[in-house]
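Colleague: Pasting a structure here, questions to come.
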Amino acid sequence: MQLRRTNWSLRIGAILVAFLVVLGFIGPYIAPYELNFQEVFRSETVNGKSVYLSPPIPPSAEHWLGTDNWGYDLLTLLLHGAPYTIFVTLAVALLRVLLGTLVGLYIGIQDKPQRWWLSVENAWSYIPLFIPVYFFLRGVSINSELSVSTLVALFIGAASVLGVPSVASSIRQKTEQIKETQFVLAAVSMGAGRGQIMFRHVLPHIKEQVVVIMATETVAVMTLMGLMGMFNLFIGGTKMSYDPVLYQSITHEWAGLLGSYRTFVYSKNAWLFLIPLICFVFAVGSFSLLAKGLRDHFQETYKRTSYI
């Protein structure tokens, strides 16, 4: 009897993702300071001497992760940005999978290959998704008069729709394989319609693949958000000031904090960039670990199944 190996990737990934989701819900409520709290220039007595402190203040007992150059507590900003980081990512990934699955099922179940769609898939595979999203949002995101919720909705809509072809391609290929199986051909011979074939015969056999795609799409979305952050285009809007030119994230989502603080990476205050970077990498790594664990789990399940 073969013992089942422990899928540590799945277990650890699920725990970390669950932690991120919980943090997204409670983050703003457990923040140590109000969002608009600023640490101003002040003096402290250290070893009998007066020491003058001004932002950015390094990590301390008072500010666990320090403050930024405007005096805002960094931990507070990260906790308030967690909901936008986590839930916007999940919303885009979910919409991509829902729309991509429907399109992939519909295209894949057709009697003849839909060459026009194959051309779309082929052309779209060579276009970096960042480019159309960036140019679509840049004109409305910087110093925008639109509300934060509107800007978030615009990003979710654009990133979701533009990501549909890649998801639909995977679902289409799997659908075309399954529709040639004996049980589907038997259902067709008995008069089953396309809708019945799609949702009663094909979809139950690709549900595992859909789950894996959902996990991998979250990683792709977070990567897209990171790229946008490096180009000063932040989810929910970018506040741009002049003389000097500075960019601030309105929602404080983690990719936005990365973009805002990237100029500190080679300074003595490098922790201002490194701390958001660690948080962002942790989030991406958690979803990547979950995706790998799910993929390994379903592959192991198929290996143990002698027949379907």
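Glycine too: its Cβ is placed from the backbone N, Cα and C atoms.
Where the annotation comes from TrEMBL, it is an automatic prediction and has not been curated.
So TrEMBL has the following annotated:
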type	residues	note
TRANSMEM	12-31	transmembrane segment
TRANSMEM	84-109	transmembrane segment
DOMAIN	86-283	domain 'ABC transmembrane type-1'
TRANSMEM	116-136	transmembrane segment
TRANSMEM	148-168	transmembrane segment
TRANSMEM	210-235	transmembrane segment
TRANSMEM	270-291	transmembrane segment
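Each of these features: where is it, how hidden is it, and who are its neighbours?
Modeller: Note on the transmembrane segment (84-109): residues 20-21, 23-24, 117, 152, 155-156, 159-161, 163-176, 179, 194, 197-199, 202-203, 210, 213-214, 217-218, 220-222, 225, 235-236, 251-255, 280, 283, 287 of its chain, located 6 or more positions outside it, place their CB under 8 angstroms from a CB of the stretch.
When Cβ-Cβ distances below 8 Å are used as the criterion, the transmembrane segment (116-136) is approached by residues 107, 154-155, 158-159, 162-163, 165-166, 168-169, 172, 220, 224, 227-228, 231, 233 of the same chain, each at least six residues removed from its ends.
Same-chain neighbours of the transmembrane segment (148-168): 84, 88, 91-92, 95-97, 99-101, 103-104, 107, 117, 120-121, 124-125, 129, 132-133, 136-137, 140-141, 213, 217, 220-221, 224, 235-237, 250-251, counting only residues six or more beyond its ends whose CB sits under 8 Å from a CB of the stretch.
Counting same-chain residues at least six beyond the ends of the transmembrane segment (270-291), those with a Cβ under 8 angstroms from any Cβ of the stretch are 9-10, 12-14, 16-17, 19-20, 56, 58-59, 65-66, 68-69, 74, 78, 85-86, 89, 212, 215-216, 218-219, 222-223, 226, 254-255, 257-258, 261-262, 264.
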Colleague: Cβ under 8 Å to the transmembrane segment (12-31), counting only same-chain residues 6 or more beyond its ends: which ones?
Modeller: 73, 75-76, 78-83, 85-87, 90, 282-283, 285-294
